[in-house]
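Novice: Below are the features listed in TrEMBL for this protein:
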type     : residues : note
TRANSMEM : 36-56    : transmembrane segment
TRANSMEM : 77-97    : transmembrane segment
TRANSMEM : 103-123  : transmembrane segment
TRANSMEM : 135-154  : transmembrane segment
TRANSMEM : 174-196  : transmembrane segment
TRANSMEM : 203-231  : transmembrane segment
TRANSMEM : 243-262  : transmembrane segment
TRANSMEM : 274-295  : transmembrane segment
TRANSMEM : 301-322  : transmembrane segment
REGION   : 388-408  : region 'Disordered'
Amino acid sequence: MEGANSPNVRLQQIPLATAVVSVQPHTDAFSYKENLIGALLAIFGHLVISIALNLQKYSHIRLAGSKDPRAYFKTKTWWCGLFLLVLGELGVFSSYAFAPLSLIVPLSAVSVIASAIIGIIFIKEKWKPKEFLRRYVLSFVGCGLAIVGTYLLITFGPNSHEKMTGENITRHLVSWPFLLYMLVEIIIFCLLLYFYKEKNANYIVIILLLVALLGSMTVVTVKAVAGMIVVSIQGNLQLNYPIFYIMLVCMIATAVFQATFLAQASQLYDSSQIASIGYILSTTVAITAGATFYLDFTGEDVLHICMFALGCLIAFLGVFLITRNRKKSVPFEPYISMDAMPGMQNMHDKGIAVQPDLKASFSYGALENNDNMPEIYTPATLPIVQEQHGSRGVSAPPYRVLEHSKKE
């Protein structure tokens, strides 16, 4: 009994007790429950966001010909989409307070899966079964791979949990791994920004790398803000710490600049390329930031880390296949304005048709079944009288367009 109460034994027991309190074992059922809650909230949020964006897009398409540019404000569909969008963002925001950052970030593939399924269900074109499968086989394969990857991410995701208190966040913020990571990220960001602004290197990888670097800081601050709010709701007030407002300002600033670069990328490149490449780059950089700042993979065995990496790769491949099959939008090329040409001002008044409108075709000159058209719509040949070069001082005759009759 005396040996058990000696000071040496007490000093050896204190670190052991502290380690048990600060680090939860991997087999803790409560930590798995928190992971499941965070994953379900993230999946729910991304599903709702995808539905909301499609509802708002549907509202804009229906009012495309309206003279009022803000007519969609008066529709219930657009407001329903806005409500679902806010609800989905709240779901994703709250998911960071329960599960590790490295687990929540890759689950954004759910929105890509949902968008692909919604696009296939509400497709307007009529396809034959064989043609439909041939056209959307990549989408089906991509959805399957993305679902498998999501399952692996949830099953083998990191299981590190700690309370997001002001002291813990401050300790992570001044840790040497994160300071080294921030130094490298700032250098890379400045170099990319220099090439993008000064050298006009408008490559999609450069723009989306800028978005990914900003997005990594966004998700780090989102987890800190959401975690401190949840801890405050549980009774331990954290809103009086200055670190909370520092993280809040950084979250808003990085999100705004991230949206700015995304808007610039959308003006230069196709949305499918932005979705696939942006998802891969943003997820990779965000997982690296989470592993550096929050030490998500501390205490994880090699098998879980390898299976988690495999799930990320499968999800990447699935998103790439889904977005690769999207139909590229062809910009509409209007007809040539004949009113702007000399001598054409009165043609419409006389009832002369310049370009017949057949089958409401929007492609200039690309009319279907030209062989079966009436003879009146066949294009007339317009021979040109070539210019004869005479001697100096003698004006050459101008070009003349000869009208051919139907018999000719």
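Counting begins at 1 with the first residue displayed.
Quick reminder: no glycine exception, Cβ is built from N, Cα and C everywhere.
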Novice: For the transmembrane segment (135-154), which recorded stretch in the set 36-56, 77-97, 243-262 gives the largest number of Cβ pairs separated by under 8 Å?
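Specialist: Counting Cβ pairs under 8 Å, the winner is 36-56.
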Novice: Using a Cβ cut-off under 8 Å, which residues of the same chain at least 6 positions beyond either end of the transmembrane segment (174-196) come close to it?
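Specialist: 202, 206-207, 209-210, 213-214, 216, 288-289, 292-293.
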Novice: Are there residues at least six beyond either end of the transmembrane segment (77-97) with Cβ under 8 Å to its Cβ atoms? List them, or say none.
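Specialist: Answer is 37-39, 41-42, 44-56, 58-60, 62, 104, 164, 219, 222-223, 226-227, 229-230.
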Novice: Grab the same-chain neighbours of the transmembrane segment (203-231) for me: Cβ-Cβ under 8 Å, and only residues 6 or more beyond its ends, written as numbers and ranges.
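Specialist: Non-local partners: 93-94, 96-98, 101, 104-105, 163-166, 169, 185, 188-189, 192-193, 195-196, 238-239, 241, 243-244, 247-248, 250-251, 254-255, 257-258, 261-262, 264-265, 268-269, 273-274, 277-278, 281-282, 284-286, 288-290, 293-294.
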